């Protein structure tokens with residue numbers, strides 16, 4: 001069999017069609033497949049003429065009549081997106097300087113948006129009612145939190161050993177030995193720092209406690225007159241004039257999982273009978289060429305399997321401007337005006353058709369709602385770490401989400417996915433300008449979701465959490481280290497967002513959201529400083545003689561005092577604030593039926609194990625978050641390159657590499673405290689033991705085998721595992737099917753395989769006009785690539801080749817026409833582990 005017959009045999013044709021092709025040359029084969037009988041000046045451009053035929057034979061059920069068109073140079077192009085109808089989406093520059101804002105106000109340039117003019121009188125009254133209620137509730141929350149913090153801080157002050165602040169007079173220290181003055185002041189300086197940090201941290205814990213408590217009461221009562229879900233009956237027909245786009249921004253994601261979840265979601269939408277009201281947009285920012293080809297293949301298969309022609313679209317951006325938020329902005333500018341609403345999905349999102357339809361109904365029933373956020377439930381993971389986190393979010397999460405809604409009402413959070421957005425005000429008000437200045441906290445906004453919610457509210461639109469709406473799902477990171485990688489990005493984003501705290505027009509609730517976002521990570525170094533100062537105070541007490549006389553002619557000494565009964569009482573009170581939300585959560589589960597969680601005994605045991613697990617992980621997260629915050633402020637880049645692994649487990653070597661410093665710190669801390677005062681080590685035991693065990697906990701909890709064993713024992717069981725909804729069962733089934741036909745080494749297949757080459761050529765985005773300079777550049781790219789071995793061709797160069805239909809055509813032609821000349825490429829392709837199911841296109 002010669003190279004021509006080998007090529008013909010690789011074509012997606014029937015035996016009769018193959019036998020009818022000429023076997024004289026590759027050019028003749030492509031000319032025979034070209035129904036338009038195009039002529040090309042170069043022989044190696046002839047595959048451009050056969051692209052349409054190769055695509056039509058490979059994916060006949062995926063193409064509609066008007067998708068394959070000719071570009072300006074007569075090359076076949078696959079239109080994977082509808083015709084654009086552009087809108088203007090221009091960001092307003094940020095004024096983060098309060099002095100500048102004050103000057104604008106003096107000159108009459110500080111104009112507050114007059115949003116109420118678009119509402120009817122009845123809508124204004126309803127709007128004003130819930131906003132007044134929300135304001136009153138938040139003042140109550142502030143009063144409760146501050147009162148609790150003041151009392152606890154006063155108790156903390158009485159517990160601390162050195163009580164002689166009032167006797168210290170700086171004037172008496174003039175002329176005194178500096179060392180003596182320093183030793184007199186040191187304990188009190190340490191105590192002052194401890195007291196300030198305690199007040200801040202206790203206030204943070206108190207706010208979480210009251211949020212969970214109100215969420216518990218809300219869920220226990222079961223009635224919420226201000227719940228946005230109560231604004232519809234739930235079976236109203238959707239308005240055909242208001243169409244919705246389901247948009248999924250992705251970037252180098254697990255292609256099999258992305259398209260499995262998307263297919264399950266779309267089929268659930270079709271089952272409701274409302275598919276005509278929705279379109280799907282897969283918005284790819286992927287820059288891994290292998291993944292890009294796999295995405296194109298998966299999109300073609302998805303369209304064929306769900307009959308999604310004209311409703312499921314795919315786009316890969318050539319210029320990745322502003323990451324995810326820029327991807328969404330690009331969609332809004334090009335196609336947003338064609339839709340009333342859009343639902344943003346993450347790569348791991350799965351939503352039922354009924355949930356999506358309900359979100360649309362809520363938008364139509366609440367004309368002043370700008371964003372409605374569903375409450376995603378975590379499911380689908382098997383590692384011990386992920387199952388424990390799934391259980392925690394499933395049991396505790398509803399309390400905190402309902403509590404957030406209770407305090408915030410329509411001035412709430414948006415988490416960036418599984419939410420519906422009103423497109424027109426989003427385009428008008430939510431474009432994100434880069435933060436001004438230079439440095440680590442300038443440039444493109446990373447955590448865009450909080451900022452978009454704040455801008456939507458600033459324009460007068462409501463931002464709601466539909467906390468009681470079922471059918472919204474997501475997945476969690478499989479292990480601790482993957483979660484910390486995500487936290488590294490979120491930490492940087494939240495610290496950047498705090499620069500917007502004083503921006504004009506931001507609602508106080510969203511200023512508080514920026515503050516809580518910062519505190520989510522800043523609390524870690526504050527806690528670490530609190531522990532460090534407490535340790536330092538103990539060192540001072542153990543190694544130095546107390547200063548009993550702080551004033552000249554002082555008659556009575558100031559004795560250090562210890563009040564263990566108050567210390568125990570304060571410790572117990574703090575533990576109540578920390579752990580009572582967990583107890584309330586389990587009480588709610590007991591009241592509503594623990595069967596779906598494994599029964600009364602197992603859900604209680606799971607709770608106790610989760611508490612132990614969270615105690616072990618809290619100090620570990622504290623140290624990592626402290627490093628993240630410090631590195632962000634100092635402008636350090638935390639490089640985190642994990643080794644490739646076949647599953648989600650953390651290798652022992654990586655665990656000790658990441659946690660080795662924590663283990664060492666825990667050992668030194670424990671030994672030092674045991675030497676100084678064994679009693680103080682008792683109080684530090686939860687911290688130091690967690691640090692010493694951190695590599696072991698991190699590695700063992702990442703094992704799916706351990707997680708599946710707990711699943712068999714019905715520990716950490718959640719309702720989605722006890723009785724999986726159909727959309728999750730479909731996701732698992734489609735994921736299994738996609739894994740079986742998964743395409744690896746997509747770029748090499750796009751070079752060699754006739755079907756995938758046709759697909760890559762038709763979907764290539766660099767549609768340049770012919771030009772002499774461009775022709776020289778193309779020839780240089782192709783020649784340099786073929787004269788090297790494929791493994792020396794880096795990712796960026798592969799992406800350049802993949803983006804140009806002409807270079808892909810020439811690569812394809814040359815490796816087939818002269819296999820002996822380009823033997824390094826041919827041998828590399830033949831050595832690949834080929835998946836026959838992945839290459840089966842018909």
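Think of each number as a place in line: the chain as shown, counted from 1.
In case you wondered, yes, glycine gets a Cβ from its N, Cα and C as well.
From the options 194-214, 215-235, 236-256, the stretch Swiss-Prot describes as transmembrane segment is 194-214.
Among the ranges 593-613, 656-676, 719-739, 740-760, the stretch that Swiss-Prot annotates as transmembrane segment is 656-676. Residue ranges 470-490, 491-511, 680-700, 764-784 are listed, and Swiss-Prot annotates 680-700 among them as transmembrane segment.
Here the transmembrane segment (568-588) touches the transmembrane segment (194-214). Their Cβ atoms form 3 or more pairs under 8 Å, with each pair 6 or more residues apart.
Listed by sequence, the residues of this chain that lie at least six past the ends of the transmembrane segment (656-676) yet keep a Cβ under 8 A from its Cβ atoms are 481, 535, 538-539, 542-543, 619-620, 623, 684, 687-692, 694-695, 698. Non-local neighbours of the transmembrane segment (615-635) in the same chain are 439-441, 480, 484, 487-488, 491-492, 495, 521-522, 524-525, 527-528, 659, 662, 665, 686-687, 689-691, 693-694, 697-698; each lies 6+ residues outside the stretch with a CB under 8 Å from one of its CB atoms.
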